[in-house]
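> Submitted below is the structure of interest, expressed as structure tokens.
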Amino acid sequence: MSEAKRLAAEKAMDHVEDGMVVGVGTGSTVAYFIDALGRDPTRIKGAVSSSEQSTARLKAHGIEVLDLNHTGPLSLYVDGADECDPRRHLIKGGGAALTREKIIAEASERFVCIIDASKQVEVLGRFPLPVEVIPMARSLVARQITTMTGGQPVFRMQAGDKAVITDNGNVILDIHHLSITDPKALEMAINQIPGVVSVGLFARRPADVVIVGGEPPQVP
Ligand code: 5RP
């Protein structure tokens with residue numbers, strides 16, 4: 001499995017051009033991509049990072065981490081996904097970095113998604129859908145999503161019975177038992193609930209290119 005992730009990350013290097021500022025996602029597949037960038041850290045101008053975790057890895061390789069407010073629009077964003085459907089719609093946020101990932105994807109001209117074959121599905125929803133929520137709105141959002149979707153929201157916890165707190169200081173609800181036949185509509189509907197920071201559906205802004213480790217790239 002991790003060999004397929006590594007192969008996908010290596011293939012994404014074909015999209016990296018000299019002097020670029022590269023948007024960088026989060027997760028184990030992206031870690032391989034950061035390591036590949038790190039083989040020649042001065043080849044790119046720098047990176048915009050989607051998480052503290054990726055920032056630490058980029059810096060460890062000597063890659064400058066830049067502020068999106070200063071870079072302006074990006075040419076390239078490379079990130080993994082938890083699920084990917086045939087239209088390149090994604091579920092993301094397994095690593096709790098969905099909000100910054102979504103911001104960078106929106107700011108980027110080309111979103112290259114790197115996955116292994118286990119992430120490919122016909123219909124999104126087998127992977128619980130992450131939703132980042134302002135802490136005081138947790139129960140309200142959970143109730144509204146249950147009514148709206150019939151799914152089952154689960155408050156994401158970590159070892160020691162502590163809530164997972166995002167890099168933005170918020171909490172995560174993972175919505176189980178969904179079958180997402182209209183991802184754009186669900187993305188927009190969940191976004192409307194007060195207290196929702198972002199939902200880990202990338203349908204309104206899908207990936208442009210999907211690289212499945214060990215398989216030819218999928219483009220429109
Ligand atoms: C983090 C993400 C990741 O891209 C997603 O969870 C996939 O992770 P991995 O590459 O470790 O399988 O959305 O928020």
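Each residue, glycine too, has its Cβ placed from N, Cα and C.
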> Starting from the substrate binding annotation in TrEMBL that includes T26, G27, S28, T29, D79, G80, A81, D82, K92, G93, G94, G95, which of K59, K119, K162 is the extra site residue?
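Record source TrEMBL; matching candidate: K119.
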> Determine which residues of the same chain, besides T26, G27, S28, T29, D79, G80, A81, D82, K92, G93, G94, G95, K119, have their CB within 8 A of the center of the CB atoms at the recorded substrate site, and list them by sequence.
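Same chain, not in T26, G27, S28, T29, D79, G80, A81, D82, K92, G93, G94, G95, K119, Cβ within 8 Å: G25, V30.
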> Tell me the Cα distance separating E101 (active site, proton acceptor) from K119 (substrate binding site), rounded to the nearest angstrom.
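Spelling it out, the Cα of K119 (substrate binding site) and the Cα of E101 (active site, proton acceptor) are 18 Å apart.
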> Secondary structure at D79 (substrate binding site) (DSSP, helix/strand/coil)?
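In three-state terms, D79 (substrate binding site) counts as strand.
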